[in-house]
Amino acid sequence: MARKKIALIGAGNIGGTLAHLIGLKQLGDVVMFDVFPGVAAGKALDIMQSGPVDGFDSNMVGTGDYAAIAGADVIIVTAGFPRMPGMSRDDLLTKNAGVMGQVAEGIKTHAPGAFVICITNPLDVMVWALQQKSGLPSNMVVGMAGVLDSSRFRLFLAQEFNVSVEDVTAFVLGGHGDTMVPLTRYSTVAGIPVPDLIKMGWTTQEKIDSIVARTANGGGEIVKLLERGSAFYAPAASAIAMAEAYLLDKKRVLPAAVMLNGEYGLSDFYVGVPVVIGAGGAERIVEVQFTPEEKKAFDASCDAVKKLIEDFKKLGV
Ligand code: TXD
């Protein structure tokens, strides 16, 4: 069986880390596209030169030509501009909207059969724009944020309980970052829900509240430390988990930004919900029952995403 082909649009910090992980996990060959093709080609060659040491044979190339992504099985999009001092959210929206237009055109023309994972911020509106502009079926275009948010939540919970991260599951919904909605009653240690762990004296509600706040601000905490750029190791690992679920038809249940088509009584925009990812892309959206409090938080998160989409539409890009 021929190796799978994975195209990375954007060869920055996340793009380079994605390529390295794809090699180490032997997921397939890599094409890295960037407006700076030399950066893409340099990273591709550098990573490929680690293959003999680490034992992988992935072919990796860097390019500034969209034709090279032809026939890609998976495309991961990180192309775009980060927010710089003095830039408003609208400035970022306008700039990255333009980028998404080019990326959508490239995908539509050269790899319309791919499973597309968008990472570029502001995530929920960018993945929506990418799907709308490319015209790909919505089950084949998803956004990565929830896997990262829940991974951060799992780490902080594991540290609080002094148990392995492997035994902690976390459940988050809603938009990326600030408006993320963690459902603590569905977050567990080896199946024991967090509210029960509070009753068992393992932690307190106050500690859980501060972990939730730290998780929602997880990206900001890293930006502050790095001073130049944003998180890239955990975001890359998270997108790879989604790509693997698709390529291996694992049918994993992962939180991802997907187009709602009546689920949760909502339609026509992307927001983070649990979804089954397998060979059919986003195969099935999981609709959980909310308590009134959870419903309020989820609605507020959806309203924030919808407002950003409206702002985006007003830009007329
Ligand atoms: O959870 C999440 N979704 C996120 C999102 C977590 C962390 C970071 N998140 C966002 O991912 C971040 O706010 C950015 O919007 C993206 C990519 O982050 P990265 O750290 O990789 O950014 P870089 O290093 O600036 O890389 C961006 C690359 C860079 O090489 C540019 O030259 C390239 O994008 N770029 C383009 N490539 C192709 N086509 C166009 N038009 C283009 N414009 C810039």
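Please read every residue number as a count from 1 along the shown chain.
Each residue, glycine too, has its Cβ placed from N, Cα and C.
Curation plays no part in TrEMBL annotations; they are all automatic predictions.
Annotated in TrEMBL:
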type     : residues                                                 : note
ACT_SITE : H176                                                     : active site, proton acceptor
BINDING  : G10, A11, G12, N13, I14, G15, D34, N96, I119, T120, N121 : NAD(+) binding site
BINDING  : R83, R89, N121, R152                                     : substrate binding site
DOMAIN   : 5-143                                                    : domain 'Lactate/malate dehydrogenase N-terminal'
DOMAIN   : 148-313                                                  : domain 'Lactate/malate dehydrogenase C-terminal'
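As a summary of secondary structure, the domain 'Lactate/malate dehydrogenase N-terminal' (5-143) carries 69 helix, 25 strand, 45 coil according to DSSP.
In this structure the alpha carbons, written CA, of R83 (substrate binding site) and G10 (NAD(+) binding site) are 16 Å apart.
Note: the Cα of R152 (substrate binding site) and the Cα of D34 (NAD(+) binding site) are spaced 29 Å from each other. All protein chains included, R152 (substrate binding site) registers 25 other Cβ atoms within 10 Å of its own Cβ. With a cut-off of 6 Å between Cβ and the nearest atom of ligand 1, the binding-site residues I14, D34, R83, N121, R152 reduce to I14, D34, N121.
Confidence for the domain 'Lactate/malate dehydrogenase N-terminal' (5-143), expressed as mean pLDDT, is 95. Counting every protein chain shown, the Cβ of G12 (NAD(+) binding site) has 20 other Cβ atoms within 10 Å. H176 (active site, proton acceptor) falls within neither a helix nor a strand when secondary structure is assigned with DSSP, and so counts as coil. Looking at I14 (NAD(+) binding site) and the residue listed as 'active site, proton acceptor', their Cα atoms lie 17 Å from each other. It is 21 Å from the Cα atom of the residue listed as 'active site, proton acceptor' to that of G12 (NAD(+) binding site). Applying an 8 A CB threshold to same-chain residues 6+ apart, the list for D34 (NAD(+) binding site) reads I9, G10, A11, G12, G15, A40, G62, G64, A79.
Here N121 (NAD(+) binding site) comes close to G80, P82, R83, L92, N96, H176: these same-chain residues lie at least six apart in sequence, with C-beta atoms under 8 angstroms from its C-beta.
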